[in-house]
Structure formats: C-alpha cells, structure tokens
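So that you can see what the record holds, here are the features copied from Swiss-Prot:
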- G90, R91, P92, V93, D94, T112, A113, I114, S115, S121: NAD(+) binding site (BINDING)
- D117, D165, H249: substrate binding site (BINDING)
- D165, H245, H262: Zn(2+) binding site (BINDING)
Amino acid sequence: MRAELPKRVVVERGALQFLPEVLRELGCSKTVVVTDSGVWSVVGSVVEGALRGLAYEVVYIEAADNSNVERARSAARRVEACAVAGLGGGRPVDVAKYAAFMEGLPFVSVPTAISHDGFASPIVALKDPEGNPLSIFTRPPAAVLVDLAVVSRAPRRLLASGVGDIVGKVTSVADARLAQRLTGEEVPEVALRMAETAARMVLDEVDEIASWTERGVGVLAQAGLLAGMAMAVAGSSRPCSGSEHLFSHSLDKYVPWKKSLHGEQVGVGAIIASYLHGFNWRVIRDALAKVGAPTTVEGLGVTGEDAVRALLKARELRKRFTILDVVELNEGLAWKVLRETGVAPTA
C-alpha cells in the first residue's frame with residue numbers, strides 16, 4: 001500500500017493566518033487563489049492581509065467545469081505560480097484541485113464550509129459540457145486549513161449536508177466489506193477503518209454538531225479530513241462511496257431539476273441503504289433530523305416516484321459492487337423500503 005497525504009493540517013480558529021507559512025513550507029512565493037465572489041466578499045480581506053508581501057492572483061469562478069479549470073491553469077502559468085489554493089465551498093476547491101493537478105503544482109485546500117468530504121480528498125467532481133457529473137481521482141491536498149471562525153458561520157444547510165455525506169460512510173464501508181466477501185475485491189483495511197471512524201465521530205457528537213459551536217463544527221471538519229484521507233489511502237473513493245452515493249448520483253441523472261445538495265441526497269440514500277443492509281436505519285435518520293438535514297423525498301424536493309426510479313436505476317451507474325447487487329429490488333420492494341423508513345409517505 002502506498003498513499004500520499006496532506007503535509008500540513010490546521011483545524012482551529014484563525015487557521016487562515018497560516019496560509020503564508022504553509023506556502024513557505026512548500027517553497028512557494030507565488031500562488032493562485034480560486035474562489036467565488038460571495039466567499040471573497042466575506043473572507044477576502046482576511047486572505048489579502050495574510051498574503052501581504054506575496055505575489056498572488058485571484059480567480060473567481062461560478063461553476064466547477066473544465067472552462068473554469070482552464071482559467072485557473074492559465075492564471076497559474078501567467079503568474080508562474082508554485083501552488084494553487086481553493087478558497088470556498090465545493091466548486092472553488094474542485095476547480096483549484098484539478099488545476100493544480102494538471103499543472104503539477106501542490107494544492108492548498110481552504111474550505112469555508114464543510115458540505116461534503118471533498119475538501120480533503122483526492123477526488124474532483126466536475127461537470128462535462130453536457131452537464132453530466134465527472135469524478136476524477138487526482139492528488140490529495142498538500143495542506144488543509146480549516147478556519148473554525150469562518151466555517152462555523154457557514155449556512156447551516158451546507159453544514160447539515162456535510163453531516164449527510166459523512167454518515168453515509170456507514171453504508172459505503174458496509175458495501176466495501178460486502179464486496180470483499182462476495183467478489184474478492186481488495187480494499188485496504190486501514191482505509192475502511194478511517195471511513196468508519198469518520199462516521200462514528202459524527203454520530204457520537206451529533207448533538208454538539210447540531211449546536212453549531214466551533215467545537216461541533218471542528219468535529220465535522222476532522223471527520224471530513226479522515227474520510228478524505230481514507231480515499232487517498234485506498235487509491236479510490238471506495239471506502240466513502242457506496243450504494244448511498246449511487247442513489248445520489250441517480251437522482252442527479254434522472255431528476256436534474258431538483259435543488260437538493262449532494263450531502264443531503266447521500267444522507268437519505270444512507271437511510272435507505274442501512275435498511276437494505278439490515279442496520280438500524282433510525283440512527284442515521286435521527287442524526288440527520290437533529291442537524292436539520294432532509295430525511296424524506298419531500299425534504300429533497302422530489303417525489304416518491306422520482307426516488308423509486310433513482311433507486312432502481314442506481315446500480316447501473318457504475319461498476320461498483322454494493323448491497324444493490326445483492327437485494328433484488330423491484331418497484332414494489334422499492335416503495336416498501338421508502339415507506340417503511342419514512343423516506344416516502346405511506347399510501
């Protein structure tokens with residue numbers, strides 16, 4: 001087993017102030033900061049103060065797609081950058097991560113919300129020209145800076161989405177172990193333990209997280225870090241992405257007009273997948289409810305019919321063995337699962 005992990009991790013109030021120190025440790029005096037205008041309006045002055053005396057260029061993006069990746073790459077070449085920083089939520093982080101990877105530069109992750117585990121992982125989520133999702137394995141961040149003073153002020157919905165994404169590791173790990181037993185698939189045990197621990201941290205501390213204190217948000221950030229590193233150790237998203245993610249991706253494909261977030265969908269998918277695994281799905285449902293995350297199709301803004309279709313189509317989306325390959329789902333059983341878990345209302 002070989003793994004590349006972040007060289008520096010700071011999760012505390014004021015972590016943004018460590019950005020110049022991290023860049024110096026990377027031997028870097030010129031950088032590109034990828035962000036969006038909303039994030040910059042909130043924390044831009046802090047970043048400007050931290051980077052005073054260093055050469056940098058700010059690239060504002062609106063979408064995580066190849067055109068914005070190319071803009072970030074062009075900026076990196078123009079200023080002769082020796083690192084690329086992603087400041088913000090999922091989109092700026094993904095664009096910066098992929099631009100850094102394509103340019104052969106270290107990536108510094110500076111999340112302003114913990115809406116999923118992507119801020120610490122080697123995985124990039126982009127959209128192709130047709131709007132279809134792309135998942136690309138790159139390199140993990142060289143450094144991760146989570147400023148709790150900033151992240152704890154993020155919209156509650158984004159943080160609740162992060163809880164949904166992390167508790168989904170309960171079922172992604174179960175799916176990986178199922179694949180090990182039934183197909184002989186190899187997944188490093190340490191990666192599975194890391195992902196398992198991430199989920200357990202959030203479930204054990206959900207009351208503190210639901211209070212949205214810096215300590216609670218810090219637990220969520222640490223769990224996200226652990227999940228991201230689990231993927232780096234495994235060399236794939238396998239420990240952290242199973243049937244619950246397939247359900248989410250299926251919703252993205254078959255209900256593209258919905259407004260739900262990735263982690264919200266994964267959380268509901270984890271309720272369903274826990275039921276299929278024979279787990280106590282109420283533990284996940286109750287944790288999601290405590291932080292205000294959706295637990296029903298109504299909460300996701302989709303219909304029961306949408307969810308049934310997504311569930312039945314989920315296993316077709318990628319070649320990854322999960323509980324969906326074991327349980328012989330049909331429309332009637334899918335409705336039964338959704339109704340018994342309360343994800344869909346009873347008829």
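Cβ coordinates are placed from backbone N, Cα and C, and glycine is handled just like the others.
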To the nearest whole angstrom, state the Cα distance for the pair H262 (Zn(2+) binding site) and D165 (substrate binding site).
7
Pick from G90, P92: which of these binding-site residues has the biggest number of other Cβ atoms within 10 Å of its Cβ?
P92
Report the same-chain neighbours of D94 (NAD(+) binding site): residues 6+ apart in sequence with Cβ closer than 8 Å to its Cβ, ordered by sequence.
A64, G86, G118, V124, A125, L126
When the number of other CB atoms within 10 A of each residue's CB is tallied over all shown chains, which of the binding-site residues D117, D165 has the maximum?
D165
For the binding-site residues listed here (H245, H249, H262), tell me which residue's CB has the most neighbouring CB atoms inside 10 Å.
H245
Cβ neighbours within the same chain of S115 (NAD(+) binding site) - under 8 Å, at least six residues apart:
G89, G90, A154, L158, L159, S161, G162, D165, L261, H262, G263
Can you tell me how many other Cβ atoms are located within 10 Å of the Cβ belonging to A113 (NAD(+) binding site)?
24
For D117 (substrate binding site) and P92 (NAD(+) binding site), what Cα-Cα distance in Å is obtained after rounding to a whole number?
14
Around the Zn(2+) site (D165, H245, H262), what further same-chain residues have their C-beta within 8 angstroms of the site's C-beta centre?
H116, G164, G168, S241, E244, S248, G263, Q265, V266, G269
Name them in sequence order: residues not among D117, D165, H249 whose Cβ is within 8 Å of the mean position of the Cβ atoms defining the substrate site.
H116, G118, G168, C240, S241, H245, S248, H262, G263, V266
So, in DSSP terms, is G90 (NAD(+) binding site) helix, strand, or coil?
helix
